[in-house]
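Here's what Swiss-Prot has on this protein:
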type     : residues                                    : note
REGION   : 1-37                                        : region 'Disordered'
REGION   : 38-51                                       : region 'Interaction with MAP kinases'
MOD_RES  : 44                                          : phosphoserine
MOD_RES  : 66                                          : phosphothreonine
MOD_RES  : 93                                          : phosphoserine
DOMAIN   : 97-350                                      : domain 'Tyrosine-protein phosphatase'
MOD_RES  : 110                                         : phosphoserine
MOD_RES  : 143                                         : phosphoserine
BINDING  : 257, 291, 292, 293, 294, 295, 296, 297, 335 : substrate binding site
MOD_RES  : 291                                         : cysteine sulfenic acid (-SOH)
ACT_SITE : 291                                         : active site, phosphocysteine intermediate
């Protein structure tokens, strides 16, 4: 309990001799002052005293988790490991997977949390923003006064390894040179594109050349092209000043927006193409993955590759844990329950392709 006691002004100090103090009668008790909030005492000379005798009656203060803290705790700790056997023979039902998916916090970023002037002009979707703690910052090789912003995040890979991927949106007309600057800056040697240019409306601009083109200070050339049933592979070179590098570009177009492919086989073949690419093993830079918004199909591809690596190395996969890790790095990764179910189906198919293991 906080008690208030009257006090004299500092301009009139109290002086009282010892004798006078002993002969004067005790002062009359004055009624207790009305409780006043601390905010209302600003500028006052009223002294504050804490009555420690009352502390035992005060309930202990309990820490209350904010929604943000709850979100982060869930994403950091949730998991549902499935053995190869369980994934193939006792998988969760579609209803169970939908319920599990809907419990995962999206971890989207609000515009108020992204204090970067002018970023809206470089966002394809105003509600899909890069999480600040993992966003890619451009070093501005172009010497422009556009700041360091690009709608892209570093994404962890298998076993939590840092910066294995960069998840980003499909380039816009005013961000194509930013995209190539990111590719150069991060020493990217592999780009995986998971959208068509138009799906009813524009999903991504044609950011690579037919033969040769210059984007900002970067010159891009097509060296070779290979058509596969489900995807197209292009070998590019990117040149900045006198230095030239090779980049492999894979366009996987058999995946409708907000939906899933007709079968899991093509996606697994795409993962195998990436896994077997010399660019994957020989270069330390991250793999750039994008669709249109950079969260749905992008998240599915990255989660599929991580899940395949878990199954191969451990004999089990934690799909819930994978999605939570992805959403910590970029909000909204894996957009729909249908995509979450398809991810389980795809990894069950992959588990069946691995060498046989004994039943539990």
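First residue shown is number 1, and so on along the chain.
Cβ coordinates come from backbone N, Cα and C, glycine included.
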### Query
Between residue 292 (substrate binding site) and residue 110 (phosphoserine), how far is it from one CA atom to the other, in Å?
19
### Query
In angstrom units, rounded to an integer, how far apart are the Cα atoms of residue 335 (substrate binding site) and residue 110 (phosphoserine)?
17
### Message
Taking 10 A as the limit, how many CB atoms besides its own sit near the CB of residue 294 (substrate binding site)?
### Response
28
### Coarse DSSP state, helix versus strand versus coil, of residue 257 (substrate binding site)
coil
### Query
Over the region 'Interaction with MAP kinases' (38-51), what is the model's mean pLDDT?
41
### Query
Hey, what's the Cβ neighbour count for residue 335 (substrate binding site) at 10 Å?
21
### Summary
Per the 10 Å Cα distance test against residue 291 (cysteine sulfenic acid (-SOH)), the recorded positions 93, 110, 257 reduce to 257
### Query
Just the number: how many Å between the Cα atoms of residue 257 (substrate binding site) and residue 93 (phosphoserine)?
24
### Message
Based on the record's binding annotation for substrate (257, 291, 292, 293, 294, 295, 296, 297, 335), what whole-number value in Å is the widest Cα to Cα distance?
### Response
12
